[in-house]
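Everything on this sheet refers to the single structure shown next.
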Ligand SMILES: Cc1cc2nc3c(=O)[nH]c(=O)nc-3n(C[C@H](O)[C@H](O)[C@H](O)COP(=O)(O)OP(=O)(O)OC[C@H]3O[C@@H](n4cnc5c(N)ncnc54)[C@H](O)[C@@H]3O)c2cc1C
Ligand code: FES
């Protein structure tokens with residue numbers, strides 16, 4: 001259960017920050033849980049949460065007409081989920097489904113980016129960590145796109 | 001100059017062996033068992049070594065030995081049909097014969113890894129040359145620290161040895177993590193690239209040995225992640241693939257700057273390979 005899981009300042013995404021920085025970032029935070037099969041994000045819905053996953057696994061999915069959902073990547077404890085709250089139109093562009101029961105922190109985006117969504121004021125430490133996550137995800141996507149296991153040049 | 005004896009015609013002559021059985025692994029991959037019952041002592045080899053398999057009248061290609069090194073009475077190769085020779089090998093069929101010469105090459109450093117944690121990383125067909133190492137590790141399990149196996153494939157259907165993999169996943173002596181690049185909703189496993197799995201392995205960098213085989217780009221990314229975690233380059237071992245002809249260090253077909261992959265490899269430590277495969281060959 002959530003209570004036996006590490007507190008928010010020990011989540012890998014925030015680890016190493018000062019208590020003040022953690023407080024500034026996690027200014028509005030809830031502990032949430034999802035049963036296996038539940039959607040954490042639904043494509044098209046308003047994006048207003050940054051999830052810091054604490055346990056379980058989440059599958060990022062894209063629904064392909066005629067083919068059904070394709071799994072794009074698995075996220076797990078220690079990962080973050082949901083970045084569409086950063087930029088207009090603030091809508092999720094993927095589904096995220098709990099593959100197994102999930103415990104997570106849910107950080108409120110309006111608090112994360114400040115009072116004006118058009119001119120977000122991000123804590124610099126948060127901005128750097130988000131950049132790093134995006135960069136690492138970009139590297140993984142590049143690799144996946146290369147279709148490494150296919151035969152021939 | 002080398003003072004070693006020069007190979008005679010002997011090592012270059014393929015020995016015709018009968019196909020005992022042929023098992024389909026995936027849509028384009030099969031495992032062939034060759035009959036070595038008439039050979040005294042069977043076909044001994046070390047994990048990571050390869051044979052040259054000859055499809056009569058078509059050509060000869062290097063293929064890793066994928067069997068159990070403790071069972072030399074069974075000679076196994078897992079082959080992906082990608083072109084003329086591998087397709088001809090598949091067509092030989094049960095009861096037919098293919099030529100074999102070997103075993104060749106530098107094996108996985110399993111002696112050196114004794115007492116240490118071992119991380120085995122396999123991408124796609126790369127699991128074939130690592131299967132013999134995994135079987136060795138399981139047979140001598142108490143001589144090693146933690147053993148992890150990370151496996152990546154394009155899709156669930158592209159995974160090799162699926163039944164055996166499922167058994168290994170149940171085996172408490174091994175930590176097995178499997179990922180695929182793409183999957184439909186029925187797949188309950190991990191989706192993503194192989195290096196991402198490393199975050200789920202408890203690594204003690206100073207006592208870890210990594211054995212790796214797969215597409216070279218996958219290996220480069222995985223090496224980078226291992227380095228990031230502090231595993232020394234000298235303990236990261238890669239199995240390389242290069243076109244081969246003689247397989248005994250004569251013809252230079254397999255040359256990678258200072259190495260003949262057939263003789264100095266196919267398994268080489270990354271500290272020696274680094275200047276030549278990263279980021280591009282000269
Ligand atoms: C040490 C060593 C161990 C090997 N072990 C195995 C093994 O266990 N099982 C196995 O199936 N293969 C293995 N290979 C690769 C195998 O030797 C080649 O796939 C084979 O030579 C192809 O011959 P071909 O005539 O069928 O195809 P070719 O006509 O030579 O090639 C057909 C197409 O496949 C591509 N191709 C050729 N080789 C490879 C390759 N290695 N990877 C990806 N694409 C390739 C070519 O670019 C071409 O587009 C190994 C290679 C080496 C050097
Ligand atoms: S294949 Fe001839 S030297 Fe290696």
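A Cβ is built for glycine as well, from the same backbone N, Cα and C atoms used for every other residue.
Any TrEMBL annotation is an automated prediction that lacks curation.
Worth saying up front: this structure is predicted, and the values here are computed from it rather than measured.
Taking the Cβ of residue B:246 ([2Fe-2S] cluster binding site) as centre and 10 Å as the limit, one finds 19 other Cβ atoms among all the protein chains shown. Annotation comment: TrEMBL describes B:246, B:251, B:254, B:262 as [2Fe-2S] cluster binding site.
If you look up TrEMBL, you'll see B:12-110 marked as domain 'FAD-binding FR-type'.
Excluding B:246, B:251, B:254, B:262 themselves, the residues of that chain whose CB lies within 8 A of the CB mean position for the [2Fe-2S] cluster site are, in sequence, B:244, B:245, B:247, B:248, B:249, B:250, B:252, B:253, B:260, B:261, B:263. Counting only same-chain residues at least 6 apart in sequence, those with a Cβ under 8 Å from the Cβ of residue B:251 ([2Fe-2S] cluster binding site) are B:245. Within the model, the domain 'FAD-binding FR-type' (B:12-110) shows a mean pLDDT value of 95, rounded to a whole number.
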